[in-house]
Amino acid sequence: MTQTLADMRRDYTRDGLTEAQSPDEPFALFHAWFADAVNTEQPPVEANAMTLATVDEEGRPHCRVLLLKGLDTQGFTFFTNYESAKGQQLAARPFAAMTFFWPTLERQVRIEGRVEKVSAQESDAYYQVRPLGSRLGAWASPQSRVIADRDELEGLIRQTEQRFADTRPHCPEHWGGYRLLPERIEFWQGRSSRLHDRLNYRLIDDRWTRERLAP
């Protein structure tokens with residue numbers, strides 16, 4: 001018998017989340033949960049995969065999956081084409097939300113805050129450790145723009161390969177990093193009967209406060 005959408009559900013029983021387990025600020029807890037995800041989740045799940053939501057000038061939301069590439073006490077860093085749709089949206093409205101979901105651990109983290117560009121030096125440092133194909137792709141692909149077909153894209157790649165045949169590609173000005181500076185971070189731990197644990201951290205006057213939310 002084929003399972004219907006209404007019947008698709010899973011009871012979460014792996015773990016709980018209490019205030020006693022949680023530090024006063026959220027970064028230590030995120031580091032701990034992220035380490036758990038790296039050590040537990042198996043392919044095809046990528047522990048650093050996240051959904052990034054942005055808003056355009058008309059107030060319409062857009063979301064897509066990206067990879068987290070930096071984390072420190074300032075915030076969460078990702079890289080992209082500044083001329084892409086998300087880049088234009090962030091230029092117009094520099095706020096975003098991220099969601100991480102780790103199904104094996106039955107955990108989710110939601111992060112919201114202001115977004116700013118990282119320095120050109122930081123962007124170049126990450127660009128230079130990317131695989132060569134990815135570095136060339138940053139030059140070749142007019143991200144988010146309409147192209148005729150796959151052949152056009154592959155032609156742009158060939159032109160870029162020829163351009164940099166005898167020289168190491170440098171980071172293009174239209175490509176680089178953003179850092180989300182969190183103002184809110186919610187940790188969600190799945191629990192039985194949908195009575196999930198939700199601990200919410202909010203940054204108020206440069207200090208983090210923690211509160212429990214009803215599931």
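Placement of Cβ uses the backbone N, Cα and C atoms for every residue, glycine included.
Marked as substrate binding site by Swiss-Prot on the basis of sequence analysis: ARG9, ARG10, ASP11, TYR12, LYS69, TYR126, ARG130, SER134, ARG194, LEU195, HIS196. If you look up Swiss-Prot, you'll see ARG64, VAL65, LEU66, LEU67, LEU68, LYS69, PHE79, THR80, LYS86, GLN108, GLN143, SER144, TRP188, ARG198 marked as FMN binding site.
Spanning the residues ARG64, VAL65, LEU66, LEU67, LEU68, LYS69, PHE79, THR80, LYS86, GLN108, GLN143, SER144, TRP188, ARG198 that the record associates with binding FMN, the maximal Cα-Cα distance equals 37 Å. LEU66 (FMN binding site) falls within a strand segment according to DSSP.
Within 10 Å of LYS69 (substrate binding site), counting C-alpha to C-alpha distances, fall the following of the binding-site residues PHE79, LYS86, GLN143, TRP188: PHE79. Spatially, by CA atoms, the binding-site residues ARG9, ASP11, ARG130, ARG194, HIS196 include one closest to ARG64 (FMN binding site), and that is ARG130.
Distance between Cα atoms for LEU68 (FMN binding site) and ARG194 (substrate binding site): 28 Å, as a whole number.
Between the CA atoms of ARG194 (substrate binding site) and TRP188 (FMN binding site) there is a gap of 11 Å, rounded to the nearest whole number. The record assigns ARG9, ARG10, ASP11, TYR12, LYS69, TYR126, ARG130, SER134, ARG194, LEU195, HIS196 to the substrate site; their largest pairwise CA distance measures 43 Å.
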